Each structure stands twice: as C-alpha cells, then as structure tokens.
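Asks: Mind looking over this structure? Questions follow.
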Amino acid sequence: MVAEDAPVRATCRVLFRTTTLIFLCTLLALSISILYESLITQKQIMSQAGSTGSNSGLGSITDLLNNILSVANQIIYNSAVALPLQLDTLESTLLTAIKSLQTSDKLEQNCSWSAALINDNRYINGINQFYFSIAEGRNLTLGPLLNMPSFIPTATTPEGCTRIPSFSLTKTHWCYTHNVILNGCQDHVSSNQFVSMGIIEPTSAGFPFFRTLKTLYLSDGVNRKSCSISTVPGGCMMYCFVSTQPERDDYFSAAPPEQRIIIMYYNDTIVERIINPPGVLDVWATLNPGTGSGVYYLGWVLFPIYGGVIKGTSLWNNQANKYFIPQMVAALCSQNQATQVQNAKSSYYSSWFGNRMIQSGILACPLRQDLTNECLVLPFSNDQVLMGAEGRLYMYGDSVYYYQRSNSWWPMTMLYKVTITFTNGQPSAISAQNVPTQQVPRPGTGDCSATNRCPGFCLTGVYADAWLLTNPSSTSTFGSEATFTGSYLNTATQRINPTMYIANNTQIISSQQFGSSGQEAAYGHTTCFRDTGSVMVYCIYIIELSSSLLGQFQIVPFIRQVTLS
C-alpha cells in the first residue's frame, strides 16, 4: 500500500458516514411530516365522525410509525453493525489473498521481489482480540520460552544504552522503536532513535518469527525522547518530543517542548512534522508521549500522553477537586473515608515538578501529511484515572483500551476501557472505565512500595503494561473477572527479578521468573496474538534487562505460548 492510499480511504469513510447521516435526517424529516399530516387528518375525521372512529385512526397511525421505526432501526443496524463486520471480513479475505499471491509467485532467476508488508495468513485474523472465555481464563498457564532470533538490536559497547521500547502490531504488520544513547542512559543530552517494521511468519518448528523488512536510524542531532509508535496503513507513525534538559526542568518550563510526528511508509517515504496542537500552549508546561504504543482508529492515530498542567488554566480549573480511587481500595485500605478522599485529591499535584497538575490524556492525529495544527489533545477526567503517567493504547476488535503506568499511590496494574466521542468527524472527548484489580504490583520507593494500598502522594513505579486475555465486558458487572498477562518486577522496592505472569483480578495464576534472583530490569511491554492455523496463542514480552557486558540495558523480546490446561 502506498502512502497516498491512506487519505483516500479516510475520505471514503467520511463520505459514507456523511451520506448515511443525511439519509437518516431525511428519513426523520419525512417521518415528522407524515405524522403531522396524519394528525391533521385524524383531527378532521374525529370532528366529522365523533369518537367512534378514534381507535381505528390511532391504530393506523401507530402501525405507520412502527413501520417507519422498523425501517430506521434496520438502516441503523446495517450501517453501524452489519456493514462494518462485513467490511472487516472482506479486509481479512483480501489480505489473505494478497499474501497468498505474494508467497506463491515463482520468480525468475535474475528478478528480485520485495516482501509484502502483510503478516502470514496464519496470523492475520488472530491479532488484537480477546482470546479466551472467562471460564477458560481461570485455567491458563505459561508455556516454555521459545528460541527465535531477536528483531531488536542491542548496544555494541559497554558504555552504550538502549532504552524505552515501543511496539505496535496490527493485522498487516508490526512497528517497533527504541532510544539509542551512546554514552550512559541519560537521554536528555544526546540520543538517536531506532525504528523498524516487519511481519510475522511461521518457522519450521511451527512457532512465530518476527521478520524485519525495513529499518530506519534517526541520527540527525535532534534529541527525540520517549517516542510512542503506532502501525498505520502502509507503515508506521511515531510521536516524540524534543528536549535537552532533565525531566524535572521540563515541568518548570513556561512552554512545552517541541512535539514531532514522524510517518514512515514501507515505500521509503518519510514525513516529519513539528506539531502545535490547539490548547497546549499556555496550558501545558510539558507534554510527553506515553512511550507505549498508539492505535489507528477510524482514520485517526491515537497516542497516550501525559504532562504538567499550569495552575489557573481552564484545564486545571476543570479538574479541580476531581479524584479517582480504584474499587478494590475500600476493602484493603485502613484509612477512613475522609482521609482517603483528601489524600486522593492531592495526589495529582507535585511540588517536585513545580506544583504542576500531572495529567494523562490522548493525542489524536488524522492520518495525513500536513499535521501542523491538525492534532488534538484530549485529557482524561481525573475522576476516572489516576495521576498522569506513561501509558499505552490497545485495540481489541473495535474497542479501545488504555494502560496507565502506576506512578501514583495505587501499585496495581491499571487498565481502562476508553470511549471516544466524535463531533463533526473528529474526536472531541474521551472517557475511561477502570478494570478493577488488585494484581499485579509494581515496585516503588518509601511509602509507595508494592505493599501500599492507601491514597497518598507518590512519584515512583515502572512501566509494565499488560495484555487482556479475556473480555472485561463479558461479565454482568464490567471487569468483575478479567485475565491478563505481562511481566513485572517481583519485589516491593527495587527494579529486580523480572517475572512473566498470567493473573486475574485477585491472584497470579501462573508465573516464571527470568534469570537469577537479583537480576536488574526495567520497562516491560506485552503483546499477544493467535495462530489461527494451530489455534495457539503466543505472547511476546519485551523487557529491558541490565547487562554486565554491553550497555547498562539491553532490550530483549521473549516469546512463549499461553496454554489452556
């Protein structure tokens, strides 16, 4: 797919939705007109024939309205449910056919063929879904680690450092990026950015292999930081900010650092834009990508964000006195209710970060090349999420979910279902619904360790996202039982003991630690997918591991099967 295809597809979607809305509005207007004429006629009949004919007249009107409503409901169902499902099925069929043609071609001896940017047929229909029922989720175990070549390069000197991975996977392909620091792990001085894209293919042993088809090394003197990546049709989109000062200094600034969007297509087209989203200047002191991956949703690319909001601004005032306390806290915290509320309210404000309000949200950008003022910043309401932090967005079918790093006082994995409201064809508001869980804890310092259960001010933790294996919406009460997998650091206060796990709301079901006790580690990213040929579910756990040989950290992808026992 070439770069120009994306705007055409977006335009077609807009035309279809606009036509549908116009048709529905026309139908509504006709219905009102018919109803009005019917009422006038009925009034005339009643004045001439008395009340004897009223019942039959009302009955005919009721039948007429029922017929109109039935037609309207069928149109709404077809446009909102049936047609998208048919399009999704058609897309999968076309992708499978294209991949089949590409892999079956026998090439002439002197010809070359560039592999199509499409995953193997076995995986196309097994990506970005919930893979198990609620009952099956209770009986899952981790399979052994599988040996595959790493698609992630490491540092090549003892002084080098690779950090902050971001990975995105869709039906067609995957995108990956990380920061490369030449000396030490402080990314605010000078760093480069590694980017790659590729596909999933099966090995002769039957398990998947991540094949790299394109790489890009951004080494141009621009210090891009905390980049989030998302797959888009035909390539990758990456969101970074540019800064050459420590994180704390960013929060004390009067204006946010430079924001950049980079679009890299498989046909070697590269577009980079400095963006200026409306409502950011004079409101946000700093605005940062969430480092976790974004998603492509209804023609828009969504990225997780967080940053510091300036006191007295409209956003600050709108969030005043808002707070969120996860459902599980009531049974686990010994503080009285008033103390919990007071501490929860104050947890969003940091004197260490210049008394800014630490806020989470979503950056939404349309998929087109002229993005200077097109991207939008959508903040979460703080009565639905905790203090702002790094994060990740997921697509499960047609639903968007959000992971928020547990920087604040609640140490458990924070996952939310996100609802996005569109106005005039563009996203205008977001809301979040938390998946209640008292697992899996992250390490933290002081009173904010993995054992803490009560509200208070914290600025700690580590990024450790998780993949939902079951659908939280499948239960009568949202999220009352959910199973997920990921990696965490199995200690109360230190970044050590990386452990891969499967857990539900209340307990860890299966786990396996990597390396010896005391192995240092940091960020962890998890993504799962299904081989529809063997019906096996695989998960890739991307973990930052400390190294005594090459660099302070190496980023390692581990792959293993999740099995139903």
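Placement of Cβ uses the backbone N, Cα and C atoms for every residue, glycine included.
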Asks: When Swiss-Prot marks a stretch as region 'Involved in neuraminidase activity', which of 223-228, 289-294, 433-438 is it?
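Replies: So the range that Swiss-Prot calls region 'Involved in neuraminidase activity' is 223-228.
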Asks: For the region 'Involved in neuraminidase activity' (223-228), what does DSSP give as the number of helix, strand and coil residues?
Replies: 0 helix, 5 strand, 1 coil
Asks: Mind checking which residues reach the region 'Involved in neuraminidase activity' (223-228)? Cβ under 8 Å, same chain, six or more beyond either end.
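Replies: Beyond its ends, the region 'Involved in neuraminidase activity' (223-228) has Cβ neighbours at 164, 166, 177, 179, 187-191, 193, 238-244, 260, 288-294, 303-304, 390.
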Asks: Name the one residue among C175, C185, C528 whose Cα is closest in three-dimensional space to that of C240 (disulfide bond); these are the disulfide-bonded residues.
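Replies: Ranked by Cα distance from C240 (disulfide bond), first place goes to C175.
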Asks: Restricting to the chain of C227 (disulfide bond) and a gap of 6 or more, list residues whose Cβ falls under 8 Å of its Cβ, or answer none.
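Replies: Listed in sequence order: I164, S166, T177, N179, Q193, M238, Y239, C240, P289, T291.
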Asks: In this predicted model, what is the average pLDDT of the topological domain 'Intravirion' (1-19)?
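Replies: Averaged over the topological domain 'Intravirion' (1-19), per-residue pLDDT gives 54.
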Asks: Return the member of C175, N267, C528 nearest to C365 (disulfide bond) in space, with distance defined Cα to Cα and candidates limited to these recorded positions.
Replies: C175
Asks: Return only the integer: C-alpha distance in Å from C448 (disulfide bond) to C236 (disulfide bond).
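Replies: Pair distance, Cα basis, whole Å: 37 Å.
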